[in-house]
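Step one of this worksheet: look at the structure below.
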């Protein structure tokens, strides 16, 4: 049987050797180039491939069409992925006659995602394991072929557990690979109700919070100890690293972070105390805890901190223009949850952001971006990140007010972009799924899909083209003048505070708001062209989390990128959306306050939108970039989003409004 392998790290080497021992013909091995910033304590897949005489490649993007064609040309029977860091696209997965298989270092469906080995220790789990499963679109969600459990001892740390997991992987593959080779294996679907997800960990995640119980701090220390970057704390302005620790439950209670003794070096936590057995100062060498306490100049009663004591915290200042809008107000809520951000906002109204007025990290001015240009320029200069969210984005306005769409969406936003260039500020710009237009691809890819629009006399494309031209201008500024930017493309985000019913009354709202108005008023639901158009509906909370990760940009990998943010799993026609909404409406506790359902009515788009309208039959995103760059994927089902959105609007209707 011929296999193509994607592999990295010790588990990658384990998988490759297991394939060779099972008699597989390995046509090629794909791995990652070594990163000089990493601690290379693990074996080299490239060296293993060379020892076996197998061709090895380390492309920056294995999903590129050129590599896909080469892999197809190899005619593999199976694809195997062992600790490879990137998602593989459908073209690669489907290139093998038997399919693609991934070895994941957890007992799926728990701990899907990145760094499960560290996370199980952080969370104090008593067992983990390895899972061989089929590869599907969603990360780590395919049918399970085999699993092997690994017990986690109280004294295990990341390295000892890593070795156990590698051994378990070898045992599992020794049994599973021969069975796959002869086609005698079974598989079962994962229980989605038991699924959990974890994200990539960074060195910053090793920061010790002394206000946690000692058990939690101990778990963190062992989860990130050498050869990982280590858990760390601060004495004054100095940073120190904890490599080994021990829990003490018999110490008298004290304020968290208080040094209880220096020989041994024991620190109070919220529950119990932690002995620092070994550690080092940031610029020092590995040493015993008591020597570390002496080196740091500590005495009993001194305090340790989570941050450098003498350094004032510098929050990231985020400027949101259009802060009262659907995305703006939800994003503000998410940013204010994190103490690292301060929000400055401008909008012509404040009804959706009233809950933030008075918050110490929220600063709002009521104004119009076409008038308050001096205020905007000053705050672009003052802030770190700029999100210009002001735009006319309702389809009926594209044909009803095309010039206003161009003036606001293009001309006013171009001024903001130029100010970001002038003051060298990072801009996160809301592109749109509309830029793909009538693209014929099964799923729309940020880097390869064509952007296809209709003739000039179809004015509905003025929004799409205005946004596309701004995308191109931003890209050019990034290429020629060093503008830091990310373009994000929302795909049909839905949720509470999307538009309002008054906007729906004049036809200037998104589809679901218009449908809810029909139900509230007892008028027929209008299905434009029969409601055949398919869209992928995305919960606002999923979308905002992705946008937050772009702003946070922990890995510094979002600059110069275009990122689709949508939910390919939530694809439905407008008619299906209306039918699901009706079901939710009929079972809602407030149903009896509203008139009877008046039925569906099919309407031609030219009658509803005007002669300049042209529709798109389908619009499905590829979210490969979001998965790779953000370690993000949507999790919220469409029916929950519909329920939440409907409930918000029904709760907002005052008695008597439905009869107006």
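The first residue you see is number 1, and the count goes up from there.
Each residue, glycine too, has its Cβ placed from N, Cα and C.
Quantities reported herein were computed from a predicted structural model and do not represent experimental measurements.
The DSSP secondary structure for residue 104 (active site, proton donor) is strand. Of all Cβ atoms in the protein chains displayed, 25 besides its own lie within 10 Å of the Cβ of residue 104 (active site, proton donor). The active site, proton donor annotation in Swiss-Prot covers 104 (among others) and rests on sequence analysis.
DSSP assigns residue 434 (active site, proton acceptor) to a helix. Taken from Swiss-Prot, the feature active site, proton acceptor covers 434, and the record attributes it to sequence analysis.
Look at Swiss-Prot and you will find 619 (among others) tagged as active site, proton donor. In the three-state DSSP scheme, residue 619 (active site, proton donor) falls into the coil class. For residue 619 (active site, proton donor), the count of additional Cβ atoms within 10 Å of its Cβ stands at 21 [all protein chains shown].
What Swiss-Prot records for 114, 136, 137, 138, 139, 140 is (6R)-10-formyltetrahydrofolate binding site, and it gives sequence analysis as the kind of evidence. All chains included, 18 other C-beta atoms sit within 10 angstroms of the C-beta of residue 138 ((6R)-10-formyltetrahydrofolate binding site).
Among the features that Swiss-Prot reports, NAD(+) binding site is placed at 347, 368, 369. Annotation for residue 347 (NAD(+) binding site): same-chain Cβ neighbours under 8 Å, separated by at least 6 residues, are 321, 322, 323, 324, 325, 328, 353, 364, 366, 367, 390.
Annotation comment: Swiss-Prot describes 393, 398, 432-433, 460, 492, 526-535, 613 as UDP-alpha-D-glucuronate binding site. Within 10 Å of the C-beta of residue 393 (UDP-alpha-D-glucuronate binding site) we count 21 further C-beta atoms, all protein chains included.
Swiss-Prot lists 1-304 with the feature region 'Formyltransferase ArnAFT'.
Residues or ranges marked as region 'Dehydrogenase ArnADH' in Swiss-Prot: 314-660. Computed over the region 'Dehydrogenase ArnADH' (314-660), the whole-number mean pLDDT of the model equals 92.
Residue density at residue 102 (site 'Transition state stabilizer'): 26 other Cβ atoms are found within 10 A of its Cβ, drawing on all protein chains shown. According to Swiss-Prot, the feature site 'Transition state stabilizer' maps to 102.
Sequence annotations record features per position, and here Swiss-Prot assigns site 'Raises pKa of active site His' to 140 based on sequence analysis. Counting every protein chain shown, the Cβ of residue 140 ((6R)-10-formyltetrahydrofolate binding site) has 24 other Cβ atoms within 10 Å.
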*residue 529 (UDP-alpha-D-glucuronate binding site) versus recorded positions 102, 114, 139, 369, 619 - nearest by Cα*: 619
*Long-range Cβ environment of residue 368 (NAD(+) binding site), under 8 Å and at least 6 residues apart*: 348
*How big is the gap, in Å, between the Cα of residue 137 ((6R)-10-formyltetrahydrofolate binding site) and that of residue 393 (UDP-alpha-D-glucuronate binding site), rounded to a whole number?*
30
_For residue 535 (UDP-alpha-D-glucuronate binding site): intrachain residues, at least 6 apart, with Cβ closer than 8 Å_ = 491, 492, 571, 572, 573, 574, 577, 618, 619
*Quick one: of 369, 393, 433, 434, 526, 532, which recorded positions lie within 10 angstroms of residue 140 ((6R)-10-formyltetrahydrofolate binding site), measuring between C-alpha atoms? Sequence order, please.*
none
_Could you check which of the recorded positions 102, 104, 138, 139 is the closest Cα neighbour of residue 393 (UDP-alpha-D-glucuronate binding site)?_
138
_Rounded to the nearest Å - Cα separation of residue 139 ((6R)-10-formyltetrahydrofolate binding site) and residue 102 (site 'Transition state stabilizer')_ = 10
*Within 10 angstroms of the C-beta of residue 136 ((6R)-10-formyltetrahydrofolate binding site), what count of other C-beta atoms is obtained when all protein chains are considered?*
15
